[in-house]
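Relevant sequence annotations retrieved from Swiss-Prot are reproduced here:
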{"type": "TRANSMEM", "residues": "1-21", "note": "transmembrane segment"}
{"type": "TRANSMEM", "residues": "33-53", "note": "transmembrane segment"}
{"type": "TRANSMEM", "residues": "55-75", "note": "transmembrane segment"}
{"type": "BINDING", "residues": "Gly70, Thr73", "note": "Na(+) binding site"}
{"type": "TRANSMEM", "residues": "93-113", "note": "transmembrane segment"}
Amino acid sequence: MIEALLVATGGFFGAITRFAISNWLKKRNKTQFPIATFLINITGAFLLGYIIGSGVTTGWQLLLGTGFMGAFTTFSTFKLESVQLLNRKNFSTFLLYLSATYIVGILFAFLGMKLGGI
(Lines of atoms letter the chains of each structure in order from A; the text may use other names.)
(Lines give C-alpha, C1' and ligand atoms only; values in the text may rest on other atoms or scores of the structure.)
Protein backbone atom coordinates (compact mmCIF):
# COMPACT_ATOMS: atom_id res chain seq x y z
CA MET A 1 0.00 0.00 0.00
CA ILE A 2 2.84 2.41 0.79
CA GLU A 3 4.22 1.89 -2.72
CA ALA A 4 0.95 3.04 -4.28
CA LEU A 5 0.90 6.12 -2.04
CA LEU A 6 4.45 7.00 -3.06
CA VAL A 7 3.57 6.75 -6.76
CA ALA A 8 0.34 8.72 -6.28
CA THR A 9 2.06 11.48 -4.30
CA GLY A 10 4.85 11.79 -6.84
CA GLY A 11 2.32 11.72 -9.67
CA PHE A 12 0.29 14.53 -8.12
CA PHE A 13 3.30 16.81 -7.83
CA GLY A 14 4.65 15.82 -11.24
CA ALA A 15 1.35 16.64 -12.97
CA ILE A 16 1.02 19.99 -11.17
CA THR A 17 4.61 20.89 -12.06
CA ARG A 18 4.09 19.97 -15.72
CA PHE A 19 0.87 21.98 -15.85
CA ALA A 20 2.54 25.09 -14.41
CA ILE A 21 5.67 24.91 -16.56
CA SER A 22 3.73 24.07 -19.70
CA ASN A 23 1.36 27.01 -19.29
CA TRP A 24 4.23 29.39 -18.51
CA LEU A 25 6.22 28.30 -21.58
CA LYS A 26 3.23 28.24 -23.95
CA LYS A 27 2.52 31.90 -23.19
CA ARG A 28 6.06 32.79 -24.26
CA ASN A 29 6.42 30.56 -27.31
CA LYS A 30 5.84 32.42 -30.56
CA THR A 31 6.77 29.55 -32.88
CA GLN A 32 5.02 26.46 -34.22
CA PHE A 33 7.51 24.25 -32.35
CA PRO A 34 5.91 22.73 -29.22
CA ILE A 35 8.74 23.90 -26.95
CA ALA A 36 6.89 23.29 -23.66
CA THR A 37 6.39 19.56 -24.20
CA PHE A 38 9.86 19.21 -25.71
CA LEU A 39 11.63 20.83 -22.75
CA ILE A 40 9.51 18.98 -20.19
CA ASN A 41 10.19 15.59 -21.82
CA ILE A 42 13.92 16.26 -22.25
CA THR A 43 14.25 17.47 -18.66
CA GLY A 44 12.26 14.45 -17.49
CA ALA A 45 14.49 12.06 -19.45
CA PHE A 46 17.59 13.57 -17.85
CA LEU A 47 16.14 13.57 -14.33
CA LEU A 48 14.84 10.00 -14.61
CA GLY A 49 18.25 8.89 -15.84
CA TYR A 50 19.84 10.69 -12.90
CA ILE A 51 17.42 9.16 -10.39
CA ILE A 52 18.07 5.64 -11.67
CA GLY A 53 21.79 6.26 -12.09
CA SER A 54 22.20 7.52 -8.55
CA GLY A 55 21.01 4.21 -7.14
CA VAL A 56 18.37 5.64 -4.82
CA THR A 57 16.25 3.25 -2.80
CA THR A 58 13.11 1.66 -4.19
CA GLY A 59 10.91 4.08 -2.27
CA TRP A 60 12.59 7.11 -3.83
CA GLN A 61 12.43 5.47 -7.26
CA LEU A 62 8.68 5.00 -6.84
CA LEU A 63 8.11 8.55 -5.58
CA LEU A 64 10.40 10.41 -7.98
CA GLY A 65 10.85 8.05 -10.93
CA THR A 66 7.54 6.30 -11.39
CA GLY A 67 5.34 8.94 -9.75
CA PHE A 68 6.79 12.39 -10.36
CA MET A 69 8.59 11.74 -13.66
CA GLY A 70 5.77 9.54 -14.94
CA ALA A 71 3.29 12.39 -14.53
CA PHE A 72 5.75 15.18 -15.38
CA THR A 73 6.70 13.82 -18.79
CA THR A 74 4.04 13.27 -21.41
CA PHE A 75 4.29 10.82 -24.27
CA SER A 76 0.65 11.30 -25.27
CA THR A 77 0.95 15.09 -25.64
CA PHE A 78 4.12 14.59 -27.68
CA LYS A 79 2.23 12.31 -30.08
CA LEU A 80 -0.81 14.61 -30.24
CA GLU A 81 1.33 17.64 -31.06
CA SER A 82 3.18 15.62 -33.70
CA VAL A 83 -0.11 14.70 -35.39
CA GLN A 84 -1.28 18.32 -35.18
CA LEU A 85 1.89 19.46 -36.95
CA LEU A 86 1.22 16.90 -39.69
CA ASN A 87 -2.41 17.99 -40.02
CA ARG A 88 -1.24 21.59 -40.48
CA LYS A 89 1.22 20.31 -43.11
CA ASN A 90 4.10 21.73 -41.12
CA PHE A 91 6.42 18.92 -42.18
CA SER A 92 9.74 20.55 -41.33
CA THR A 93 8.70 21.33 -37.75
CA PHE A 94 7.20 17.84 -37.44
CA LEU A 95 10.48 16.20 -38.48
CA LEU A 96 12.52 18.49 -36.25
CA TYR A 97 10.25 17.86 -33.25
CA LEU A 98 10.17 14.11 -33.75
CA SER A 99 13.90 13.64 -34.32
CA ALA A 100 15.02 16.15 -31.68
CA THR A 101 12.75 14.64 -29.02
CA TYR A 102 14.02 11.10 -29.57
CA ILE A 103 17.70 11.91 -30.14
CA VAL A 104 18.07 14.55 -27.42
CA GLY A 105 15.84 12.56 -25.04
CA ILE A 106 18.00 9.45 -25.29
CA LEU A 107 21.18 11.52 -24.99
CA PHE A 108 19.88 13.34 -21.90
CA ALA A 109 18.73 10.09 -20.26
CA PHE A 110 22.22 8.68 -20.86
CA LEU A 111 23.87 11.82 -19.45
CA GLY A 112 21.60 11.73 -16.42
CA MET A 113 22.55 8.12 -15.73
CA LYS A 114 26.24 8.93 -16.08
CA LEU A 115 26.02 11.94 -13.79
CA GLY A 116 23.91 9.91 -11.38
CA GLY A 117 26.68 7.41 -10.96
CA ILE A 118 26.16 4.41 -13.24
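Note that Cβ sites are derived from N, Cα and C of the backbone, with glycine treated the same way.
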List the same-chain residues at least 6 positions away in sequence whose Cβ sits under 8 Å from the Cβ of Gly70 (Na(+) binding site), in sequence order, or say none.
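Result: Val7, Gly10, Gly11, Gly14.
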Can you tell me which of 1-21, 33-53, 55-75 gets the most C-beta pairs within less than 8 Å of the transmembrane segment (93-113)?
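Of the candidates 1-21, 33-53, 55-75, 33-53 scores highest.
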In the same chain, who gets a Cβ under 8 Å from the transmembrane segment (1-21) while lying at least 6 residues past its ends?
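Residues packing against the transmembrane segment (1-21) from afar: 36, 39-40, 59, 62-74.
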What is the Cβ neighbour count of Thr73 (Na(+) binding site) at a 10 Å cut-off, with all protein chains included?
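Taking every protein chain into account, the count is 21.
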